[in-house]
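If you look up Swiss-Prot, you'll see TRP39, VAL40, HIS41, PHE42, GLY43, GLY44, GLY45, ASN46, ILE47, PHE48, ARG49, GLY50 marked as NAD(+) binding site, on the strength of similarity to another entry.
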Amino acid sequence: MRLNRETIKDRAAWEKIGVRPPYFDLDEVEKNTKEQPKWVHFGGGNIFRGFVAAVLQNLLEEGKEDTGINVIELFDYEVIDKVYKPYDNLSIAVTIKPDGDFEKRIIASVMEALKGDPSHPDWERAKEIFRNPSLQLASLTITEKGYNIEDQAGNLFPQVMEDMKNGPVSPQTSMGKVAALLYERFKAGRLPIALLSLDNFSRNGEKLYSSVKRISEEWVKSGLVEKDFIDYLEKDVAFPWSMIDKIVPGPSEFIKEHLEKLGIEGMEIFVTSKRTHIAPFVNMEWAQYLVIEDSFPNGRPKLEGADRNVFLTDRETVEKAERMKVTTCLNPLHTALAIFGCLLGYKKIADEMKDPLLKKLVEGVGEEGIKVVVDPGIINPREFLNEVINIRLPNPYLPDTPQRIATDTSQKMPIRFGETIKAYHERPDLDPRNLKYIPLVIAGWCRYLMGIDDEGREMQLSPDPLLENLRSYVSKIKFGDPESTDDHLKPILSSQQLFRVNLYEVGLGEKIEELFKKMITGPRAVRKTLEEVVGREDG
């Protein structure tokens, strides 16, 4: 059986093999979407098909919405040719449940898939959709890189400069294309719309607004568009913030074989020339959270409660949910596992969770954070943390590696650990000196920077913009000689850039130095130190 609009009419055949077909009138919804489009989505990748498109499908099946989604792919046009067109815009979402069971469902809420290429006929159709008064929102999952218009040194990328010079006629960058389509909407009568970033980074709506506005301001300066276009962006276009949390790895061979055994044909995994790994199916974890700022000037779908843990709220709550995740309940645990996973030779996060010492370490990091957690009110931080420790991190079907998560650790330290230490320092009822697990992670990171694993062998370090600088301090320390530590860690541990506070001034610097010294006495000293600190029940 192949996946297409014809075969899904036989719902019983799909139900028989354990795949839930769509339960709404596709022809009717397609007709409505063509005439009165409400929702455009930029970036037709895995998290969109597995999570975002599924949220709308729920509403279609409940009769709460009557139009689907128009996808516009801005970056990798092969995705449209390989996994949208041949399968009539359908895909199979495979959710890996906590008990290891697979929940399978055909996602059919995408009614049109276009190439966001100004030299392709699809671009005219994209412009036509943006001129339609019915359009309520354009959401995006284009990865954080897609919003960047300048490099780390603050220089504009050459393609962005081209877009600024050429105006909205034939843009090449994602942000240039979004600005050009908004200009179409402006010319059609200043029609309102919300641009909703669903990419996983803080203050995502703010970043989207600033990139689109910067390009548009250059167009105004050069006389390529009317001055009022900026006024339109400020007054009639909303850029709501969001917090999204769901792990959707690349397509898995194991899931492909599982679907083929059920008799489903054509489940190939494609790697495009732009290195996108994509298939007609999506595999993902069960846990999910989506918190959206409720700012939609032209109305919106009935998103609240449209799926598990989907919330519409104010901007402050979105930011609190994001901070809860990145400072306490998920990201610090990830980094702790990344550091010790690299030192102890692990290749999978899920395998680390089988190590009682490492499981106890992340439980301890979570407990220390939860005392000062930012509580968003809509998500219970304790329940979120328990789900991360007991369900998400141990999931063997999510092939995440400590080496990948260890990338850019210097950029993550301030928010993932510094915020908690700072909060302990500022609270009269708490004392940073009583922290036990977070100092151990920081000592472990200093030990990691030596580039020697716990067996005493050289190990490759993950990319990090400050790596050279940090290595220059620890390179003077000799493995096997704790006394050679001397004052070499001081520039790292006193850095407010890294930890939000000077760790010596809050009573943690010396404690971390002592833990570090224990970890460099020789081979297997890291595990021994973990046993000593994590194995103890006292504070």
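Backbone N, Cα and C define each Cβ position, glycine as well.
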Checklist entry - Among HIS41, ARG49, all listed as binding-site residues, which has the most CB atoms within 10 Å of its CB? => result ARG49
Next on the checklist: To see if you understand the setup: which same-chain residues, six or more apart in sequence, place their Cβ under 8 Å from that of ILE47 (NAD(+) binding site)?
Outcome noted: THR141, LEU198, ILE244, LYS246, VAL248, MET284
Checklist entry - What same-chain residues, at least 6 away in sequence, bring their CB to under 8 Å of the CB of GLY43 (NAD(+) binding site)? => result GLU73, LEU74, PHE75, LEU140, THR141, ILE142, THR143, GLY146
